[in-house]
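> Structure incoming, see below.
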Amino acid sequence: MLTALRDKNLCLYLAGNLLSITGTWAQRVAVFWIAWDLTASTTILGVLAALDLAPALIASPVAGVLADRRPLGSLIIIIQVFSALPPIILAGFTLADQVTVPLLLAVTAFTGLLSGFDHPLRLLLVGSVADRSKLSSAITLNSLAFNIGRMIGPAIGGLMISMGWFVLILSLNAASFFLFSLILGQLRIAGSHEASFSRASDQGLRGWASVFQSIPPIDRWLFTYFLFLGICVRPIFELLPSFASRFASNAVTETHVYSSLTSAQGFGAMLGVLMTSFLIRIAPRRQVSSTAGLAATLAVFAFLFGTVTIAIGALAVLSGAILTNGISTQIMLQTNLPREVQGRALAFYTMTLRGAPALGAVSFGVFAGAVAQEVLFSVAALVMFGSGLRLQTEVLRLG
């Protein structure tokens, strides 16, 4: 994996991506915390998560089609410039002391829409800035950069929130998008064949169907399990502020608990990336994917019913397992499918990655008003564990 870092082109991209992701997660943590501070409502957190993630269902298919028809460079630079607008707008309202829940919802929805365009383009760009022979390593390194940012961002965001530096968080995030766009302009991006773009343009809905049909049946089941992990397990990450209040005490404030939980989430994901890079070399990817899914469901129970120390450790395991499951799925799509459908395949992946947790978060957030979150997530994890055992049996049978 480390040999891929000798590629200066890839290193530049990873550095810019890391910077941008760090700013994005610092802002995300801050927005969710302010919403919780204003409302103390799990429903609002669920709606925020939905608005942050669900727009990918609209944007990602469009981005996928565009990526299969147009050069990536100009597309992704335009998205970076537009992505700087939400933090700039929110910073202006903050300076005017006019931050309200409707404003947070609107800015989050705008951010989610832009991220829906951005995510599949970034995933596809990795394959255009790295040598094909090093693609698996490049994908793993890109996930590592993402999760380092996801670890550092919440820690920085939590620290700045405790100091009242919300505007600084927003300003740094906006600056990170502009800097990333400058870096992207310096990259050598491999060209794509016009014939591929032409075929992608003519296929329409049949092209989307062909993407799904090109995936082997067992891999479709693995992708379906990835989808339901997103609905039933991943919403824990979106609803962390409400869990932080359960662990808070006179000695430890909610803010510090929340910062610790989000940092554990990022740290676990980073370790998950490193573990994945090792596991996919010594074990079949299907087994890595299904085993990681089972580990995630078991970690849910430790998080829900353990002490704060156990919960932090369990959240790290949960995050790493979810990440391992996701990386295995992404590598499958990005290495086994032809270039002319990869844009749409990764758009479908992004729709699932972002849309499934949004659906789950808003559902859990609403029902948590009537049923304890611990009960809801326990039932969901139990169902996923049983399904995962059945899937694991089939994966082992096929070898």
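Each Cβ is built from the backbone N, Cα and C atoms, and glycine gets one as well.
Unlike curated entries, TrEMBL annotations are predicted automatically.
Per TrEMBL, the features are:
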- 1-399: domain 'Major facilitator superfamily (MFS) profile' (DOMAIN)
- 42-67: transmembrane segment (TRANSMEM)
- 74-93: transmembrane segment (TRANSMEM)
- 99-117: transmembrane segment (TRANSMEM)
- 138-157: transmembrane segment (TRANSMEM)
- 163-184: transmembrane segment (TRANSMEM)
- 221-237: transmembrane segment (TRANSMEM)
- 257-280: transmembrane segment (TRANSMEM)
- 292-323: transmembrane segment (TRANSMEM)
- 358-385: transmembrane segment (TRANSMEM)
> For the transmembrane segment (221-237), which recorded stretch in the set 42-67, 74-93, 257-280, 292-323, 358-385 gives the largest number of Cβ pairs separated by under 8 Å?
358-385
> So, does the transmembrane segment (163-184) come close enough to the transmembrane segment (257-280) to give 3+ Cβ pairs below 8 Å, pairs being at least 6 apart in sequence?
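Counting Cβ pairs under 8 Å, fewer than 3, so no.
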> Quick one: do the transmembrane segment (358-385) and the transmembrane segment (74-93) have at least 3 Cβ pairs under 8 Å, skipping pairs fewer than 6 apart in sequence?
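No; fewer than 3 Cβ pairs under 8 Å.
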> Cβ under 8 Å to the transmembrane segment (42-67), counting only same-chain residues 6 or more beyond its ends: which ones?
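Counting only partners 6 or more residues beyond its ends, the transmembrane segment (42-67) has Cβ contacts under 8 Å with 28, 31-32, 35-36, 75, 101, 104-105, 108-109, 111-121, 124, 200, 208, 235, 238-239, 241-242, 342-348, 350-351, 353-355, 357-359, 361-366, 368-369, 373.
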> For the domain 'Major facilitator superfamily (MFS) profile' (1-399), provide the mean pLDDT of the predicted model.
83
